[in-house]
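Colleague: Below is the structure I would like to discuss, written out as structure tokens.
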Amino acid sequence: MATYQVEVIYQGQSQTFTADSDQSVLDSAQAAGVDLPASCLTGVCTTCAARILSGEVDQPDAMGVGPEPAKQGYTLLCVAYPRSDLKIETHKEDELYALQFGQPG
């Protein structure tokens with residue numbers, strides 16, 4: 001099992017924690033005391049949406065992210081497993097929704 005450094009950024013504030021490759025980024029954040037938004041925990045609702053600025057994740061169960069947004073770096077932290085050190089912008093639910101479905105009504 002590999003361990004990686006994860007930096008999460010929200011509103012200009014940065015927090016860093018370690019994440020094991022066999023644990024989701026969200027679970028690792030919670031274990032480190034980093035509070036991130038989440039709801040369904042199954043990769044569907046997009047509450048935990050984030051955008052990867054650098055690094056790679058494996059997210060085979062991210063049903064809430066289409067192929068094109070995934071290519072642009074969007075991920076769902078509840079089902080994203082780190083495969084390298086990561087730098088991530090969090091709280092991207094509205095942005096991801098707009099990208100996939102247009103502006104929320």
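Our numbering is plain: 1 for the first residue shown, then up by one each step along the chain.
Any Cβ shown, glycine's included, is placed from N, Cα and C.
Straight from Swiss-Prot, here's the annotation block:
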BINDING   Cys40, Cys45, Cys48, Cys78  [2Fe-2S] cluster binding site
DOMAIN    4-94  domain '2Fe-2S ferredoxin-type'
Colleague: Provide the three-state secondary structure of Cys78 ([2Fe-2S] cluster binding site) computed with DSSP.
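Modeller: The three-state answer is helix.
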Colleague: Taking only same-chain residues 6+ apart in sequence, whose CB is under 8 Å from that of Cys48 ([2Fe-2S] cluster binding site), what do you get?
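Modeller: Spatial neighbours, sequence-distant, of Cys48 ([2Fe-2S] cluster binding site): Leu26, Leu36, Pro37, Ala38, Ser39, Leu76, Leu77, Cys78, Glu93.
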Colleague: What are the DSSP helix/strand/coil residue counts across the domain '2Fe-2S ferredoxin-type' (4-94)?
Modeller: 17 helix, 32 strand, 42 coil
Colleague: Just to be sure I understand the packing, how many Cβ atoms besides its own are within 10 Å of the Cβ of Cys78 ([2Fe-2S] cluster binding site)?
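Modeller: The answer is 26.
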Colleague: Across all chains shown, how many C-beta atoms besides its own are within 10 angstroms of the C-beta of Cys45 ([2Fe-2S] cluster binding site)?
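Modeller: Cys45 ([2Fe-2S] cluster binding site) is surrounded by 16 other Cβ atoms within 10 Å.
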Colleague: So if I measure Cβ to Cβ from Cys40 ([2Fe-2S] cluster binding site) and keep only same-chain residues at least 6 apart in sequence, which ones fall under 8 Å?
Modeller: Thr47, Cys78
